[in-house]
């Protein structure tokens, strides 16, 4: 089976072709980072318009690179949600229109299921069951995964997600958009400076996350300290360590609660070097393994949507002709794949 995947949930237009026997045949990505940089964040209307401008040329490019004709496709998968409604509707309109014109089945994919399954694009893919840590700009959640569609959300962010906290803290430090990667780069130059940053919600039972208080603590620290490059690097390091430690503590709890010894990390923040190293050390210490996608598949991309959609289309799942976007969509409401 061969599927065209379309991702337009936020500020990246991602298109890919995936074949269940040959693997990933092509993927094309256009990032809107430069477009939104002047505004310090994503402007939804501008994001939607840029998707309109780029999506059809990228589809042509992906099909050409995959040496795939329309007749070779067995289905179309597009991101249905969660995300920015205008951006979602661009991908949904194009995906549904092509499915109708080409007489192909189509399915709307959950964006976070795409991230969750992204490590399965790798040669050394995880087997079920496992615990998944999904960390991105809009989501932080721990999920018990027993199969595709067999999800139990164990904990999630009650305010700012981890990626959002990175971006907002970067802005407080005067770093350009996108802030998260720039803050991590600055933190790599930092030294231990004795800052006692909190590890939010680790002093009580439970697996939920909260990073808004940590962001405020960081803002107060920035205001109280000298404004020089090394001090900012030290504060960035202390902030990053606090976020990573918090995520690691919650992961350990989730693994203990489920009894599983496999951990998947995915989403944009999963590209963070300190997070990967910390979780790898933790899993080694408890005799488990950690899995994550390659860097280019940590951020939003069409490959993960093509793969996730293929699993459901192959199981006979598809949707009607209605164009639908779902900006809010609980992950654990998805049907299982038989």
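Every residue, even glycine, has its Cβ placed from backbone N, Cα and C.
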> Of the candidates 300, 320, 332, which does Swiss-Prot annotate as part of the Fe cation site that also includes 111, 115?
Replying inline: 300
> Among 261, 272, which residue does Swiss-Prot name as a further substrate binder in the site formed by 134, 135, 136, 137, 138, 167, 180?
Replying inline: 272
> Quick one: Cα separation, residue 134 (substrate binding site) versus residue 115 (Fe cation binding site), in Å?
Replying inline: 7
> Measuring Cα to Cα, how many angstrom lie between residue 115 (Fe cation binding site) and residue 135 (substrate binding site)?
Replying inline: 9
> Across all protein chains in the structure, which of the binding-site residues 137, 138 has the highest Cβ count within 10 Å?
Replying inline: 137
> If you run the three-state DSSP split on residue 138 (substrate binding site), which class comes out?
Replying inline: coil
>> For the substrate binding site, please report the maximum Cα-Cα distance among 134, 135, 136, 137, 138, 167, 180, 272 in Å.
In response: 17
> To test your reading of the Fe cation site: which residues beyond 111, 115, 300, same chain only, put their Cβ within 8 Å of the Cβ centroid of those residues?
Replying inline: 7, 9, 79, 112, 114, 136, 267, 301, 304, 305
>> I'd like the number of other C-beta atoms within 10 A of the C-beta of residue 111 (Fe cation binding site), please.
In response: 29
